[in-house]
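Listed features, source Swiss-Prot:
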- 11-30: region 'Disordered' (REGION)
- 61-81: transmembrane segment (TRANSMEM)
- 93-113: transmembrane segment (TRANSMEM)
- 114-118: motif 'Histidine box-1' (MOTIF)
- 126-146: transmembrane segment (TRANSMEM)
- 150-154: motif 'Histidine box-2' (MOTIF)
- 188-208: transmembrane segment (TRANSMEM)
- 232-252: transmembrane segment (TRANSMEM)
- 258-278: transmembrane segment (TRANSMEM)
- 325-329: motif 'Histidine box-3' (MOTIF)
Amino acid sequence: MGGRGAIGVLRNGGGPKKKMGPGQGLGPGERITHARPPFSISQIKKAIPPHCFQRSLRRSFSYLLSDIALVSAFYYVADTYFHRLPHPLLHYLAWPVYWFCQGAVLTGMWGIAHDCGHHAFSDYQLVDDVVGFLIHSLVFVPYFSFKISHRRHHSNTSSVDRDEVFVPKPKAKMPWYFKYLTNPPARVFIIFITLTLGWPMYLTFNISGRYYGRFTSHFDPNSPIFSPKERVLVHISNAGLVATGYLLYRIAMAKGVGWLIRLYGVPLIVLNACVVLITALQHTHPSFPYYDSTEWDWLRGNLVTVDRDYGPIMNRVFHHITDTHVVHHLFPSMPHYNGKEATVAAKRILGEYYQFDGTPIWKAAWREFRECVYVEPDEDDGATSGSSSKGVFWYHNKL
């Protein structure tokens, strides 16, 4: 999946910029610049055509209805024809194709609900919340709870202290046993568990999330993620999941548990895996820094994101949440269908601060899980870059 490409980088945060050729990976020690950008968010916005910020209710619904049509078509074909296949081998071929296709389209719908949480679906907040709540509830995501924590992520991106998800640990806080999990077989196991269980574990137990010093969950109204006035929204989110659970229970009683697992359960696992893979690779790269409170600011932190190429078909299925993530972090209320045009315009201002990596996705995932184990500031960073940067943390993997 994905094309070939390169990411513009700086070595150790200073010195001449080295462009990698097509198909090449990042060499050891190569890093993006961590200097404060010489432009403002308003300058970036002025470079983008104004119509890119306009939300169209009709156009947004057209993407949603297209996804619903595909989900319905895949379901109809699987439920109506798969049991008629003449040879058992065809069953083993047909079901994985269905699971992947259905899970991929559901990921696109998940992305539309995510846009609703950013008020990027329409000009009407109520419409956005109703649409987002219905979609996310049907795929077991607590809409308002996630909307709140995700807003915090956008407000604190790349802060080693305050970011909400995929927060890297310093070396001193790595589990003692992790050094035994750096071999290839263990890494395969970790990737598998992360993709299949990572999303529900994050929502339920805040695994890989910001450390709050006590139990944290998207389902707990008293969780430190939420303010007292937001607790009612957590209850509403949970009610949506209870309603979905009851609906699935009734379906299982009518159709059978096996039927429900095949038609809904496995595609849901594929959806969860896609969400984890996409979001992890948007913010994780061996060349990326994290900042503590002495170095972090909003623009600097939100520029530590990378666009990736999943290929023209999957980029379209995922509504380009994959290859327009940089501009999404800068302008989260921009509708996804304007992201490509806005990215082209923004790159003229961003220059070397825009990051794109065309490494094939599975190769990139393997590299990131291997190289991005923990973060530490460089002992000689000040001497290398000409300024004290002890608040800048870089990925390492030697335990």
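Glycine is treated like the rest: Cβ placed from N, Cα and C.
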- Item | Positions on the same chain near the transmembrane segment (61-81), where near means CB under 8 A and six or more residues out | 94-95, 98, 101-102, 105-106, 108-109, 112, 131, 135, 262-263, 319, 336-337
- Helix, strand and coil totals (DSSP H, G, I; E, B; other) for the motif 'Histidine box-3' (325-329): 5 helix, 0 strand, 0 coil
- Message: Could you give me three numbers for the motif 'Histidine box-2' (150-154), the DSSP helix, strand and coil residue counts?
- Response: 5 helix, 0 strand, 0 coil
- Message: Which sequence-distant residues neighbour the motif 'Histidine box-2' (150-154)? Criterion: at least 6 residues beyond either end, Cβ under 8 Å.
- Response: 114, 117, 162-165, 225, 302, 329, 332
